[in-house]
Amino acid sequence: MQKIGIYPGTFDPVTNGHIDIIHRSSELFEKLIVAVAHSSAKNPMFSLKERLEMIQLATKSFKNVECIAFEGLLANLAKEYHCRVLVRGLRVVSDFEYELQMGYANKSLNHELETLYFMPTLQNAFISSSIVRSIIAHKGDASHLVPKEIYPFISKV
């Protein structure tokens, strides 16, 4: 059976921090699924279609990465793909508190599921999609925070 990991997120937009985690975690799995969440409750800046297209462009050089859109429970998605490991990033203490709760909730729904947490590399530690959206909203230049392939998307906003 293939070793599969799932890296879920809203990716609104995808950042260099996300790509760093995709790069490092893709080396641990035969296949890494990047699952773009619908997340209507978060009121995303970019549509699901745009977010999926951005992440596909940004990961096209990764041979073992597949990008999908999903809605519903992550634990169910993991079962569907026969995945036993979720990949998550942790930047700050508040991320840890939230991610720990989510990890336990997912484990309670799918007992075979484990969560693997990645700390960002130093140069990406401060980057978040929220910061990128704020810079964009104030007409600033966020090109150094996102993959070059997606800059045309965010420069239109």
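Placed from the backbone N, Cα and C atoms, the Cβ positions cover glycine too.
Taken residue by residue with DSSP, THR10 (substrate binding site) is part of neither helix nor strand, so it is coil. The substrate binding site annotation in Swiss-Prot covers THR10, LYS42, LEU74, ARG88.
Residues near THR10 (substrate binding site) in space but far in sequence (CB under 8 A, at least 6 apart, same chain), listed by position: VAL36, ALA37, SER39, LYS42, PRO44, ARG51, SER129. Annotation source Swiss-Prot lists ATP binding site at THR10, PHE11, HIS18, GLY89, LEU90, ARG91, GLU99, ASN124, ALA125, PHE126, ILE127, SER128, SER129, SER130, citing sequence analysis.
What Swiss-Prot records for HIS18 is site 'Transition state stabilizer', and it gives sequence analysis as the kind of evidence. Of all the Cβ atoms in the protein chains shown, 25 others lie within 10 Å of the Cβ of HIS18 (ATP binding site).
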Integer Cα-Cα distance in angstrom, ILE127 (ATP binding site) to ARG88 (substrate binding site): 15
Distance [Cα-Cα, Å, rounded] between HIS18 (ATP binding site) and ARG88 (substrate binding site): 10
Largest inter-residue Cα distance among THR10, LYS42, LEU74, ARG88 [record-listed substrate binders, Å]: 18
Secondary structure of ALA125 (ATP binding site) (DSSP, helix/strand/coil): coil
